[in-house]
């Protein structure tokens, strides 16, 4: 039996993690975010009602689940309050269900200003960040000058620290980026107005999780973005600023690494990517447009159109290696309905003619790569809303089997629609 289950993306994000976390939390006591910030966009559809969460864990919609934001998450007080209000306006009691680590770094206005100024300065070489201050906040954390949730317990000291760090960043904004300085008093006033709300939710997350482990409680760890956006293992520098892989669970929550029991990798039936960066299987033809339209591939956070392409088994195998995946959840299978043929990338042809079956790490080394495809028959029957494996077309079953063969990982869950009811659980991670 797996008490501590990790759910993470195996591609470039947007795989459908939010729905699956929400579904599996029916049995969980706690749901923990361990990395990223409000650059995530987790979409849940419950009884036809759509909810988009950016910062608060997806378990917040469950009455008997406690949601936790761990120390690996960079926390925007403004974004958190906005999201809390949106949920509370719908009658969802967030403050009674949400806990914070006091070690969460804070994202403040100057982080956002730096993020925007840097992207503007990069011009055509822009990374394609969400412009929400995620990277600059992680920079401050590593540089040991960042402000954290726990600093709000001593408001006078917080004000002094804020003044010092803002002098540093405003100097960059004005003198290097030729941008406007951020007003110190406004930042201080905005944070102080909600400081007591934030500190009232603080808990020792590592200790809480250890006690939960000893009691045998079920805990779900919710990843954001995807493996191929990991700061170390992704398509650097076109990556996010945190560890999106399973290793981030221990460092971003305080759970001992030996206590992770099952790692569920969410894999979309095709590939998508938002923003710049390598994407070998990207489609620029009518099939790419079909995938975008049928899959409603527009970012939940930015609204940007996602780039679309065929499933890249080479890249997914890298995710399998890094995360030691226990099983897959295959999402958006129904988007492929109606295609005469479907393709899977099984290797890369390098510019010098060599054929390889592993991914490069640096983005520059992806240039000139051509995907090697395996083509399979498509299916005309609908898979949308199918709730039994036996109800899937044989061609769809063959596609699923081929994914398992190419990756060495079983497909334990199949999603055939956006609602939590449109799901087949072939093997429950909490029972694995």
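Numbering starts at 1 and runs along the chain as displayed.
Cβ atoms here come from the backbone N, Cα and C positions, even for glycine.
Record features, source Swiss-Prot:
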type	residues	note
ACT_SITE	14	active site, proton acceptor
ACT_SITE	42	active site, proton donor
BINDING	13-19, 41-43, 306, 332-334, 415-417	GTP binding site
BINDING	14, 41	Mg(2+) binding site
BINDING	14, 15, 16, 17, 39, 40, 41, 42, 130, 144, 225, 240, 304	IMP binding site
BINDING	300, 301, 302, 303, 304, 305, 306	substrate binding site
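Cβ neighbours of residue 416 (GTP binding site) (same chain, under 8 Å, six or more residues apart in sequence): 333, 334, 383, 384, 385, 386, 387, 422, 423, 424. Across the residues annotated as binding IMP (14, 15, 16, 17, 39, 40, 41, 42, 130, 144, 225, 240, 304), the two Cα atoms farthest apart lie 34 Å from each other.
For residue 225 (IMP binding site), the spatially nearest entry among the binding-site residues 13, 16, 19, 41, 305 is 13, judged by CA separation.
Within 10 Å of the C-beta of residue 19 (GTP binding site) we count 25 further C-beta atoms, all protein chains included.
Shown are the binding-site residues 13, 16, 41, 303; the one with the most C-beta atoms within 10 angstroms of its own C-beta is 13. Residue 14 (active site, proton acceptor) sits 8 Å from residue 41 (Mg(2+) binding site), taking the C-alpha atoms as the reference points. Ranking the binding-site residues 39, 41, 305 by the distance of their Cα atoms from the Cα of residue 16 (GTP binding site) places 41 first. In terms of C-alpha distance, the listed binding-site residues 13, 19, 39 place 13 closest to residue 306 (substrate binding site).
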